[in-house]
Structure formats: structure tokens, C-alpha cells
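Below you'll find the structure, written out as C-alpha cells, and then a few comments.
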Amino acid sequence: MRVYSPGRVNLIGEHTDYSYGYVLPMAIDRYTVIEGEPHERVELYSEHFKKSVSFELEKLEKGNNWADYVKGVYWVLQREGYEVGGMKGRVGGNLPLGSGLSSSASFELAVLAFLNEAYSLKLSRLDMALLAKKAENEFVGVPCGILDQFAIAFGREGKAIFLDTETLDYEYLPFPEDLEVLVFYTGVKRELASSAYAERKKAIEEALRVLGKSSSKYVTEEELSKLPEKERRYLGYVVRENSRVLAFRDALKEGDVEAMGQLMVEAHRDIAENYRVSCEELDFFVEKALELGALGARLTGAGFGGSAIALVEHGKGESLGREVAELYTKVFPWTPEVFVVRPSEGVMVL
């Protein structure tokens with residue numbers, strides 16, 4: 001059996017999902033691939049790490065390595081009462097790890113889809129997204145929202161996804177065929193479980209508690225004045241970002257490419273200045289991409305390194321990416337990865 005599980009880019013709506021706001025991601029045509037068969041225990045070889053891991057299903061102890069994502073999936077399935085056996089196989093693919101393209105969620109969904117097929121668990125795509133999030137939150141220990149798992153489970157070729165992360169209502173939006181998304185991986189690995197991510201999440205939760213709101217969607221600009229300075233700055237960014245997601249959705253429906261690009265640029269400047277999760281490398285890419293003709297550009301994912309994206313006219317992404325990469329390597333010691341992506345199908349078993 002072979003499973004393809006895509007990565008994702010978030011076109012707009014960053015750091016809004018853990019306060020139940022709006023997001024607008026798409027699954028991409030870069031994949032985690034698992035090739036294997038059912039087995040009595042777990043035996044997996046990682047082509048990326050060039051290492052094997054094996055464990056019994058009764059012994060799901062964290063090891064602080066890539067196997068934790070597999071163990072987390074088993075742990076949550078067992079807790080939810082599913083009868084599931086082991087797996088034996090290889091993990092590979094062309095999705096860069098630690099790049100801000102949701103390689104961890106992609107891996108978890110790949111494991112879930114494999115087990116769903118192998119053991120006839122009858123899980124829906126929503127079931128798989130929610131189980132993967134629970135594994136990440138409660139076993140791996142990363143306090144992420146639902147964005148990544150949902151995008152990877154529900155991806156559709158040629159479509160972006162508008163998602164309300166509170167209600168989980170979603171809408172497929174056709175992505176313009178005359179545009180493409182350039183991904184620029186800075187080479188700066190970022191640990192999502194870092195204290196900075198957790199600190200922002202905690203500040204947002206505290207701000208919502210003070211205001212008596214269940215979601216950032218319900219907070220107005222006027223209400224922000226009731227908050228201390230740090231919480232006001234952080235939640236202010238999230239409130240504005242929710243508005244930008246709605247505006248981006250409208251622009252996408254109307255084919256207003258200029259508005260889409262402008263909203264991406266505003267989003268990046270706001271997140272860099274007020275949420276403070278950007279870095280020199282991400283800012284450099286955004287600035288240079290815009291100078292070289294990108295319609296819009298911004299960081300994607302949690303920030304603190306990882307990847308940025310640019311919205312470009314179809315056929316121009318690769319050359320623009322190469323130009324920025326050439327400038328980038330003269331300034332920074334990292335080797336970037338540059339590639340063009342299109343909206344892709346969600347996790348699939350072949």
C-alpha cells in the first residue's frame with residue numbers, strides 16, 4: 001500500500017486558528033509518502049533520517065524524535081477505542097522537513113490514512129484531521145490549531161480552502177490558473193514547540209478570557225483598548241488578520257489579483273511588526289520578491305524561520321525564486337530551497 005500526504009501553504013490567516021479564527025490554506029503537490037504493509041508491530045525506515053524505528057503497540061513512550069508522530073497517532077487511536085495493528089514500511093517523499101510546510105501534520109495524516117485503510121477503521125477526513133491534531137497536542141506536545149491537519153485532509157486539486165476554525169465550516173475556492181505560488185524555504189529550521197509560539201498562544205487565550213470571547217472572530221478593534229499592551233498588540237494583529245482573510249476570500253472569488261497581493265503584503269508587515277514571529281531571512285525574501293515583480297509575498301506557517309510564499313504570474317515563479325536565492329546566499333549562510341506549488345488533493349491511498 002502507498003499513501004501520499006501533501007504539505008500545505010497558508011495563503012493568509014496566520015496564527016489565527018488557535019483562537020478559532022479564519023484561515024485560507026491549500027494542500028500542495030509536495031508529499032510525505034509511506035509505502036508499507038500491515039504488521040504485528042511497528043517497523044519503519046525514514047529515508048530522510050536514514051534511520052529505522054521499531055516499537056510494540058503496548059509501549060508508546062515519547063522518544064523526542066520522528067517516531068513520536070507515529071506513536072502519537074497510535075496513542076490517540078487506542079484512547080479513542082479503535083482496534084489497530086502495526087505497520088512495516090518506508091517513509092519518504094519530497095516535502096522538506098521543519099520547513100513551515102506542515103511536514104509533521106502531513107506525516108501524521110499519512111500514518112492515519114494508512115491505518116484507516118489497513119484496518120478498515122472507517123474514519124472520515126474530518127475524523128482523521130481531528131485525531132491528528134489531538135496526537136500533536138496531547139502526545140507530541142505542540143499546541144497547534146486545526147489549520148494544518150484540515151488542509152491536508154481536505155485538500156482539493158486547483159482549490160484553496162476557506163475555513164472557519166471555530167465551526168469547521170469550509171468552502172472550496174478555485175485558485176486562478178494564471179497564478180502560481182512560489183515557496184521559498186529559508187533553510188532556517190524552526191521548532192514549532194518553541195517557547196515563543198506557546199507564549200503567544202497563551203497571551204491570546206488570556207486576552208480572549210479577559211474580553212469574555214470564545215473566538216477572535218468576535219473581537220472588535222474598540223475592545224482591544226481594555227487589554228494590557230502585549231495582549232493588545234498580539235490580539236490586535238489576529239483581529240486584523242481575520243478581516244484580511246475575509247477580504248482575501250472575496251478577492252479570490254472576484255479574481256482581483258492586485259487585492260490578493262496587497263493583502264498578503266499587509267499581513268506580512270503586520271505579523272512581523274506586531275506578532276513578531278518573522279526573522280531577517282523571511283523579511284529579506286518578501287522584500288526582494290516584491291522588488292522582482294511578485295504580486296504579493298508573506299511568511300507562511302508559524303514563522304521563526306521556515307518558509308515564505310510569493311504570489312506570481314504563471315510561469316514566472318522559478319526564475320524569480322532563483323534570482324532571490326542568488327541574492328539570499330550572498331547575505332545569509334543558509335542554503336534555501338525554492339519551488340513552485342499548485343493546490344493539490346488531500347491525503348490519498350493508492
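Backbone N, Cα and C atoms are what each Cβ position is placed from, and that goes for glycine too.
Worth saying up front: this structure is predicted, and the values here are computed from it rather than measured.
The site 'Transition state stabilizer' annotation in Swiss-Prot covers ARG8. For ARG8 (site 'Transition state stabilizer'), the same-chain residues lying six or more positions away in sequence with a CB closer than 8 A to its CB are PRO25, MET26, ALA27, ILE28, LEU101, SER102, ALA105, SER106, LEU147, ASP148, ALA151, ILE152, GLY155.
The substrate binding site annotation in Swiss-Prot covers GLU14, HIS15, THR16, ASP17, TYR197 and is backed by sequence analysis. Close to GLU14 (substrate binding site) in the fold, though at least 6 residues off in sequence, lie GLU241, ALA267, ILE271, TYR275, ARG298, LEU299, THR300, GLY301, ALA302, GLY303, each with a CB less than 8 Å from its CB.
The ATP binding site feature in Swiss-Prot is assigned to SER46, GLY98, SER99, GLY100, LEU101, SER102, SER103, SER104. Under DSSP, LEU101 (ATP binding site) is assigned to coil, being neither helix nor strand in the three-state scheme.
Just so you know, the Cβ of GLU136 (Mg(2+) binding site) picks up 26 other Cβ atoms within 10 Å once every protein chain is counted. The annotation Mg(2+) binding site is assigned in Swiss-Prot to SER104, GLU136 on the grounds of sequence analysis.
In the shown protein chains, 30 other C-beta atoms lie within 10 A of the C-beta of ASP148 (active site, proton acceptor). DSSP gives ASP148 (active site, proton acceptor) a helix state. Residues or ranges marked as active site, proton acceptor in Swiss-Prot (evidence: sequence analysis): ASP148.
Around SER103 (ATP binding site), the same-chain residues at least 6 positions away in sequence with a Cβ under 8 Å from its Cβ are GLY7, THR32, LEU95, PRO96, LEU97. Comment: substrate site residues GLU14, HIS15, THR16, ASP17, TYR197; largest CA to CA distance 13 Å, whole number. Closest by Cα distance to SER46 (ATP binding site), from the binding-site residues HIS15, ASP17, TYR197, is TYR197. Here GLY98 (ATP binding site) is positioned 17 angstrom away from HIS15 (substrate binding site), judged by their C-alpha atoms. Nearest in space to GLY100 (ATP binding site), taking C-alpha to C-alpha distance over the binding-site residues THR16, ASP17, GLU136, TYR197, is TYR197.
Closest by Cα distance to ASP17 (substrate binding site), from the binding-site residues SER99, SER104, GLU136, is GLU136.
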